[in-house]
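**Q** Supplied in structure tokens, the structure appears directly below.
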Amino acid sequence: MAEVIIVKNQDEAGALYAKSVADLIERKPFAVLGLATGSTPLVAYEHLALEVRDRGLDVSHVRGFALDEYAGLPVEHPESYRSVITRTVVEPLGLDPKHVHVPNGALETIATAGADYDRAIEEAGGIDVQILGVGTDGHIGFNEPGSSLASGTRIKTLTQQTRVDNARFFDGDMNQVPTHCITQGIGTIMKARHLVLLAFGENKADAVAASVEGGVSAMCPASALQLHPHATFIVDEAAASKLKLADYYRWVYENKPAWQGI
Ligand SMILES: N[C@@H]1[C@@H](O)[C@H](O)[C@@H](COP(=O)(O)O)O[C@@H]1O
């Protein structure tokens, strides 16, 4: 069973992630972080930046790999995931930009960019901790429902729903949202040694319930986390509202030995 931690608010979630990652960097200066975009992880990066500052951590050797990128969107575009990761992770944490990778969405090379990316992750020693958000339809990265649970990084077509959801970053106009993307596959994500999925708010409640307590199915990509040996869901009360075993998860967490971490 994946671990489910039900928190009071987003700050508590961000602090749990930040402590875990800061501890990792302390014992492993060459840590490899899996990074995600979306609004959900922002609070986690903010808390991590504070931990890094307060503990005086040296992050000059930390490597990062983002989950995904839009296809055909110039990297200089403010909403390219390269730009978003630079703004929300690289700069606030003070990471070395040359150690932080984002899949290459350039159309000319996209056919081979996925395999190159998976190789780069392997050469870096694999991802230590991958942060994840979840789409309202259960997607992780940009692996939409129906994606192979064994997939590697590759080009994918975005669903209309995801384009509607993401139109808010493109002047509210879904026609400006690219139709395609390159995303780490579910198989790639599953190779990370620790997966931390964050979800906040009522509109994530169905996706969280399906991911944690539904059957493992390509129709809900995040349900693949049930097969991972170290997956942690950190959710607020609203996102947890449809979990049948919520009281049990609370009981387990309250009785967890303090030294265990997440
Ligand atoms: N590719 C990203 C996902 O990685 C993210 O999890 C999802 C949810 O975004 P948010 O966290 O803003 O709800 O949005 C996008 O589709």
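Just so it is clear, glycine is given a Cβ too, placed from its N, Cα and C backbone atoms.
Look at TrEMBL and you will find Asp68, His139 tagged as active site, proton acceptor. The feature active site, for ring-opening step is assigned by TrEMBL to Asp137, Glu144. The domain 'Glucosamine/galactosamine-6-phosphate isomerase' annotation in TrEMBL covers 12-226. The site 'Part of the allosteric site' annotation in TrEMBL covers Ser147, Arg154, Lys156, Thr157.
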**Q** Select, from Asp68, Asp137, Glu144, Ser147, Arg154, Lys156, each of the recorded positions with a Cβ positioned under 6 A from at least one atom of ligand 1; if none does, say none.
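**A** With ligand 1 as the reference and 6 Å as the Cβ limit, the list reads Asp68.
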**Q** Looking at Cβ-Cβ distances, which residues of the chain lie under 8 angstroms from His139 (active site, proton acceptor) while being 6 or more apart from it?
**A** Pro145, Ser147, Thr159, Thr162, Pro221, Ala222
**Q** Sort out the sequence-distant neighbours of Asp68 (active site, proton acceptor) for me: same chain, 6+ apart, CB within less than 8 Å of its CB, listed by position.
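**A** Correct list: Thr37, Tyr81, Pro103, Gly141, Phe142, Cys181, Ile182, Thr183, Gln184.
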**Q** Round to a whole number and give the Cα-to-Cα distance in Å for the pair Arg154 (site 'Part of the allosteric site') and Glu144 (active site, for ring-opening step).
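**A** Roughly 12 Å, rounded to the nearest whole number.
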**Q** Take every residue in the domain 'Glucosamine/galactosamine-6-phosphate isomerase' (12-226), average their pLDDT values, and give the whole-number result.
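**A** Its mean pLDDT is 97.
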**Q** From the Cα of Glu144 (active site, for ring-opening step) across to the Cα of Lys156 (site 'Part of the allosteric site'), what is the distance in angstrom?
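**A** Spelling it out, the Cα of Lys156 (site 'Part of the allosteric site') and the Cα of Glu144 (active site, for ring-opening step) are 8 Å apart.
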**Q** Just checking, which of Ser147, Thr157 (recorded sites) has the fewest C-beta atoms within 10 Å of its C-beta?
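**A** So among Ser147, Thr157, the recorded sites given, the one with the fewest Cβ atoms within 10 Å is Thr157.
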**Q** Take the C-alpha atoms of Glu144 (active site, for ring-opening step) and Thr157 (site 'Part of the allosteric site') and report the distance between them in angstrom, rounded.
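**A** Glu144 (active site, for ring-opening step) to Thr157 (site 'Part of the allosteric site'), Cα-Cα distance: 8 Å.
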**Q** Which has the fewest other CB atoms in a 10 Å radius around its CB: Asp137, Glu144, the listed active-site residues?
**A** Asp137
**Q** What is the separation, in Å, between the Cα atoms of Thr157 (site 'Part of the allosteric site') and Asp137 (active site, for ring-opening step)?
**A** 15
**Q** DSSP on His139 (active site, proton acceptor), three-state: which is it?
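**A** Looking at the DSSP assignment, His139 (active site, proton acceptor) belongs to neither helix nor strand, so coil.
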